[in-house]
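Q: Handing you this structure, nothing more for now.
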Amino acid sequence: MSRAEITTPEVLTEDTAVELSLRPQRLAEFIGQSRVKESLTIALDAARARKEPVDHLLFFGPPGLGKTTLADLIARELGVNLTVTSGPALEKPGDLVAPLTSLREGDVLFIDEIHRLRPVIEEFLYSAMEDYRIDIRLADGPNARTVPMNIERFTLVGATTRLGMLTAPLRARFGIVHQLGFYPVEDLEVIVRRTGEVLRVEMDADGAHEIARRSRGTPRVANRLLRRVRDYAEVRANGRITREVAEAALALLDVDHFGLDDMDGRLLRAIIEKFEGGPVGLSTMAAAIGEDPGTIEEVYEPFLVQHGFLQRTPRGRVATARAYRHLGFVPPVGSAEQPGLF
């Protein structure tokens, strides 16, 4: 694992098995996002009372905040099956026929990265979501014909990091839409302690706090940092995680006390040193640091904006006075000032 991957909120191969073992079994066990949890609890209770499927749900927000976990919990709470797929995996309408026709009454179909659905697949979904009916194409060419087929009533749960990329017709078909935000340190501490118990890690409260506050408001990052600090503790600190052990381990990984890593520093330094603090366009900035524009926009920018290091303006990205000071530069007169949220 590279140092840049340590703090990425994107799921890595090594995360998959661990996240499954840490996933809560009931909605009440889900930590954080209290307003979303309360709203979901009401929706689920109402659907059970009416003996109806829950309205189609859409979760949006940065990666690593629990969208997939919530889809799993919705199915568990309702006692129904969960079918999982993703936007990039669906290349043609026929790829959805098998999942949709195999659904039973009330089952949940989860589509991750739903903003990456092709237009033809979106249109195929419309009748499935509204009328619980799909049109199956039986042949191509002059003999082509479609046959309508009814399917069981189901709940579609979509997840996206890019709400603005969803078409208006698709968004309008979701009855429940929730934004997942970055987690406060207090919630992340609870998550770190719970993960430590599951992994049988010896850790004091200060050690858990130190990991939590450097986790970029993201549970996935918190759990990954805990595993790396555990490695350090087992090799160099008799297996016990204290504040001092966590500080030493995270310093070795180039994760500072705000949770910023090497890539964050490169991005902010490029804006300050190469573009006089900005504004600078996304594509230009990406070329300057050798990173994909989509990765910058989806993975790095949300936290930097929320934490007050970066501003998005109509003319481009601007480094804030806080970014200047954090990197040891003197902010220019009139530089953007944006307080952090954590």
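Every residue gets a Cβ built from N, Cα and C, even glycine.
Straight from Swiss-Prot, here's the annotation block:
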type	residues	note
REGION	1-183	region 'Large ATPase domain (RuvB-L)'
BINDING	LEU22, ARG23, GLY64, LYS67, THR68, THR69, GLU130, ASP131, TYR132, ARG173, TYR183, ARG220	ATP binding site
BINDING	THR68	Mg(2+) binding site
REGION	184-254	region 'Small ATPAse domain (RuvB-S)'
REGION	257-342	region 'Head domain (RuvB-H)'
BINDING	ARG312, ARG317	DNA binding site
Q: Based on DSSP, name the secondary structure state of TYR132 (ATP binding site): helix, strand or coil.
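A: Looking at the DSSP assignment, TYR132 (ATP binding site) belongs to neither helix nor strand, so coil.
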Q: Fewest other C-beta atoms within 10 angstroms of its own C-beta: which of the binding-site residues TYR132, TYR183 fits that?
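A: So among TYR132, TYR183, the binding-site residues given, the one with the fewest Cβ atoms within 10 Å is TYR132.
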Q: Could you check the binding-site residues LEU22, THR68, GLU130, ARG312 and say which one's CB has the fewest neighbouring CB atoms inside 10 Å?
A: GLU130
Q: Using DSSP, how many residues of the region 'Head domain (RuvB-H)' (257-342) fall into helix, strand and coil, respectively?
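A: Counting residues per DSSP class in the region 'Head domain (RuvB-H)' (257-342), I get 41 helix, 11 strand, 34 coil.
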Q: If you measure every Cα to Cα distance among LEU22, ARG23, GLY64, LYS67, THR68, THR69, GLU130, ASP131, TYR132, ARG173, TYR183, ARG220, the residues said to bind ATP, what is the biggest one in Å?
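A: It comes out at 37 Å between the most distant Cα atoms.
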Q: Roughly how many Å separate the Cα of ARG312 (DNA binding site) from that of TYR183 (ATP binding site), to the nearest whole number?
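A: A Cα-Cα distance of 22 Å.
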Q: Of the binding-site residues listed here (GLY64, GLU130, TYR132), which is spatially closest to ARG317 (DNA binding site) when Cα positions are compared?
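A: Nearest by Cα distance to ARG317 (DNA binding site): GLY64.
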Q: Three-state secondary structure of TYR183 (ATP binding site) from DSSP?
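A: The residue in question, TYR183 (ATP binding site), is coil (DSSP, three-state).
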